[in-house]
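Student: Submitted below is the structure of interest, expressed as structure tokens.
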Amino acid sequence: MDMFSLGQGNNTTTSLEPFGTGGNDTGLSNVTFSYQVITSLLLGTLIFCAVLGNACVVAAIALERSLQNVANYLIGSLAVTDLMVSVLVLPMAALYQVLNKWTLGQVTCDLFIALDVLCCTSSILHLCAIALDRYWAITDPIDYVNKRTPRRAAALISLTWLIGFLISIPPMLGWRTPEDRSNPNECTISKDHGYTIYSTFGAFYIPLLLMLVLYGRIFRAARFRIRKTVKKVEKKGAGTSFGTSSAPPPKKSLNGQPGSGDCRRSAENRAVGTPCANGAVRQGEDDATLEVIEVHRVGNSKGHLPLPSESGATSYVPACLERKNERTAEAKRKMALARERKTVKTLGIIMGTFILCWLPFFIVALVLPFCESSCHMPELLGAIINWLGYSNSLLNPVIYAYFNKDFQNAFKKIIKCKFCR
């Protein structure tokens with residue numbers, strides 16, 4: 001986002017001029033042909049990949065019915081926004097970077113800055129809308145099913161564009177300094193201190209704080225739900241083990257594994273005198289009703305395992321079943337840990353990419369206007385920070401769509417032209 005571009009000013013101090021462009025002939029002002037060729041290739045590749053990636057996401061949602069849901073509508077709107085950044089903003093930004101001076105006039109400059117701020121701010125706020133939708137879905141899944149409507153998604157999308165509009169328009173209405181238009185070779189946004197605070201906090205710092213809070217709560221809720229599921233499984237396993245046995249463990253078969261017949265004999269030996277026939281429920285001598293569970297052999301025959309009666313009669317679960325329950329519980333625990341690690345990894349990628357792309361830019365954008373006379377920003381570093389922010393429009397479709405198996409299947413269909421048939 002070229003909200004606050006960085007570069008060398010007309011004197012030895014640093015100002016917020018785009019991509020290192022300034023009125024003097026230091027640094028990158030006298031660009032070489034090789035610099036222009038290399039920069040054109042790099043930026044052209046970035047723009048092409050951003051356009052292609054976001055266009056594929058939009059096409060996948062439009063053509064694949066299984067992707068047409070509220071969550072993916074937000075991802076599709078994000079792709080449209082990033083596509084607008086790639087088509088409307090990045091070509092002019094690349095031209096400015098390659099030529100190292102603004103050549104399109106003041107009116108085009110104002111339009112360029114307004115589109116830049118509007119689209120990039122909306123892109124960032126779309127990430128907040130997606131985080132908010134996911135937070136509601138995981139913390140209130142039952143009620144939110146009915147609330148998660150296309151109308152709600154449209155309201156969130158409209159809000160992102162409204163906030164972007166409120167941040168991008170003020171400089172065009174006069175919230176700027178006289179120096180902002182003093183050099184026709186430069187295209188800079190307002191360096192007014194009030195607008196700097198207003199725009200940086202509205203476009204980044206407040207959304208960043210909101211995303212950190214939301215994804216933190218999403219992680220806690222997901223971890224709680226995963227561990228709750230594991231506890232239920234463990235309780236179920238414990239619920240089938242109604243007693244412990246002092247009898248020796250069942251004998252092993254020739255292959256070293258507990259035999260099914262041994263399980264049956266172990267159960268029968270312990271259930272002395274318990275009336276039971278053919279898996280049916282029958283009255284005991286003490287007139288208490290017994291619940292019967294069947295333990296099957298590998299073969300066709302089957303034995304019967306009585307459970308405790310209300311009068312306190314004691315029975316036992318074969319050791320082989322207890323070990324099976326333990327193995328099942330252990331497998332569930334491992335699956336839960338894997339899901340928890342995957343959740344941490346996914347949220348880490350989402351937040352890590354967003355912070356890596358935009359935090360350096362907005363730190364400089366907030367600090368430089370207040371220390372213009374004493375701060376120095378190398379021109380090359382300023383250009384890298386600028387384009388690092390722009391690259392977020394390339395990475396968003398990768399993070400939010402290409403890691404999704406449903407999107408992957410849709411992309412394969414697009415590549416194979418199955419939608420054309």
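Using the three backbone atoms N, Cα and C, a Cβ is placed for every residue, glycine included.
Feature table excerpt (Swiss-Prot):
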BINDING   THR314, LYS345, THR346, GLY352, PHE403, ASN404, LYS405  1D-myo-inositol 4-phosphate binding site
DISULFID  CYS109-CYS187  disulfide bond
CARBOHYD  ASN10  N-linked glycosylation site
CARBOHYD  ASN11  N-linked glycosylation site
CARBOHYD  ASN24  N-linked glycosylation site
CARBOHYD  ASN30  N-linked glycosylation site
REGION    237-268  region 'Disordered'
TOPO_DOM  1-38  topological domain 'Extracellular'
TOPO_DOM  99-107  topological domain 'Extracellular'
TOPO_DOM  175-193  topological domain 'Extracellular'
TOPO_DOM  371-378  topological domain 'Extracellular'
Student: Roughly how many Å separate the Cα of LYS405 (1D-myo-inositol 4-phosphate binding site) from that of CYS109 (disulfide bond), to the nearest whole number?
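Tutor: Per the Cα atoms, LYS405 (1D-myo-inositol 4-phosphate binding site) and CYS109 (disulfide bond) stand 42 Å apart.
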Student: Give, as a single whole number between 0 and 100, the mean pLDDT over the topological domain 'Extracellular' (371-378).
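Tutor: The predicted confidence over the topological domain 'Extracellular' (371-378), as a mean pLDDT, is 80.
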Student: Rank aside, I only need the closest one: which of the binding-site residues LYS345, THR346, GLY352, ASN404 has its C-alpha nearest to that of CYS187 (disulfide bond)?
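Tutor: It is GLY352, whose Cα lies nearest.
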Student: For CYS109 (disulfide bond), what residues in its own chain, 6 or more apart in sequence, show a Cβ-Cβ distance under 8 Å?
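Tutor: Within the chain, CYS109 (disulfide bond) has Cβ neighbours under 8 Å at TRP102, CYS187.
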Student: Could you check what DSSP calls LYS345 (1D-myo-inositol 4-phosphate binding site) once collapsed to helix, strand or coil?
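Tutor: Going by the DSSP assignment, LYS345 (1D-myo-inositol 4-phosphate binding site) falls within a helical segment, counted as helix.
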Student: Go ahead and report the DSSP secondary structure tallies for the topological domain 'Extracellular' (99-107): helix first, then strand, then coil.
Tutor: 3 helix, 0 strand, 6 coil
Student: Tally every other Cβ atom lying within 10 Å of the Cβ atom of GLY352 (1D-myo-inositol 4-phosphate binding site).
Tutor: 12
Student: Going by a 10 angstroms cut-off between Cβ atoms, which of the binding-site residues LYS345, LYS405 has the sparsest surroundings?
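Tutor: Counting other Cβ atoms within 10 Å of each of the binding-site residues LYS345, LYS405 gives the minimum at LYS405.
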Student: According to DSSP, which of helix, strand or coil covers CYS109 (disulfide bond)?
Tutor: helix
Student: Using all protein chains in view, find how many other C-beta atoms are within 10 Å of the C-beta of ASN404 (1D-myo-inositol 4-phosphate binding site).
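Tutor: Step by step: centre on the Cβ of ASN404 (1D-myo-inositol 4-phosphate binding site), count other Cβ atoms within 10 Å, giving 18.
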Student: Under 8 Å between C-beta atoms and at least six apart in sequence, can you list the same-chain neighbours of PHE403 (1D-myo-inositol 4-phosphate binding site), or say none if there are none?
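Tutor: For PHE403 (1D-myo-inositol 4-phosphate binding site), the qualifying residues are THR346.
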